[in-house]
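Annotation source Swiss-Prot lists active site, proton donor/acceptor at Tyr133. Summarising the annotation, Swiss-Prot assigns active site, schiff-base intermediate with substrate to Lys161. What Swiss-Prot records for Thr45, Ile203 is pyruvate binding site. Per Swiss-Prot, site 'Part of a proton relay during catalysis' is recorded for Thr44, Tyr107, and the stated evidence type is sequence analysis.
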Amino acid sequence: MLRGSMVALVTPMQADGSLDWEALHKLVDWHLQEGTDAIVAVGTTGESATLDVKEHIAVIRAVVDQVNGRVPVIAGTGANSTSEAIELTQAAKDGGVDACLLVAPYYNKPTQEGLFLHHQKIAASVAIPQLLYNVPGRTAVDMLPETIVRLSHVDNIVGVKEATGDIARVGQILESAKAGFLLISGDDDTAVDFIAAGGVGEISVTANVAPKLVAQMCELAAQGKVEEARAINARLADVHTAMFLESNPIPVKWALAKMGLMPNGIRLPLTPLDAKYHLQVEQALRAANLL
């Protein structure tokens, strides 16, 4: 079952941008030891936009092999071309993932009907559980609650990652969505309140550096121990902020390198974290006892 803390895993790279398979395997094992409930490979945080198709599928297969059935693996397979999204989703299914995460088409700004037809066609083409992903800050299009509700009744579409931070949407969607439709937060700051409102967990950037704390926070929120969950979230507040001082995953990759978990490699057009932010990220990690 998809629930709890689902890390939006980075894709480790060497300084020259080549993929670091050893670091990837170690990161996966660390997350399993720390209590992460599911792993999302090659999403936004995994730099899917700068991986070619061969690399994209290779990373998915590497994560699936390393996890070896211990927790669910979700693959980012969204694209702004419907046919490409179908191709990636089928390849991810063939690679053994448990579900796919499909970001709303970006840059070409489809209408709500276009969003519906895009996801409907992918769902009809590949028989695997699929999560919608609404992140208008990156895609320039907002998948409205009524569109999400329509899609909830389409076979193979099982949930949505909602990254607007708008808690009111949880109730709006759950009221009319198909029974059992999963609402997953895509915003670390508001995840506790999102879960308390009826969400099943979060896909987290902060979990890259604080897997145990984020897993505990999600579990407490799911148990209704909201104040205890909020206390953990307060401890992580500066980390949440630090992870977005520059475009994700720039800060989180620097943080993981600082923690000694991987090199600080990243691909253009993204660049390593500006030196002016190093101290702020380091202080946030230390304040949360992550360093």
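Each residue, glycine too, has its Cβ placed from N, Cα and C.
Computed from a predicted structure; not experimentally measured.
Feature map: annotations from Swiss-Prot on the structure.
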residue	record	Cβ within 10 Å
Thr44	site 'Part of a proton relay during catalysis'	23
Thr45	pyruvate binding site	24
Tyr107	site 'Part of a proton relay during catalysis'	9
Tyr133	active site, proton donor/acceptor	26
Lys161	active site, schiff-base intermediate with substrate	27
Ile203	pyruvate binding site	30
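Distances between the Cα of Lys161 (active site, schiff-base intermediate with substrate) and those of the recorded positions Thr45, Tyr107, Tyr133, Ile203 are shortest for Tyr133. In the three-state DSSP scheme, the residue listed as 'active site, schiff-base intermediate with substrate' falls into the strand class. Ile203 (pyruvate binding site) is 10 Å away from Tyr133 (active site, proton donor/acceptor) when you measure Cα to Cα. Considering only the recorded positions Thr44, Thr45, Ile203, the residue whose Cα is spatially closest to the Cα of Tyr107 (site 'Part of a proton relay during catalysis') is Thr44. DSSP assigns Ile203 (pyruvate binding site) to a strand. Between the C-alpha atoms of Ile203 (pyruvate binding site) and Thr44 (site 'Part of a proton relay during catalysis'), the distance comes to 11 Å.
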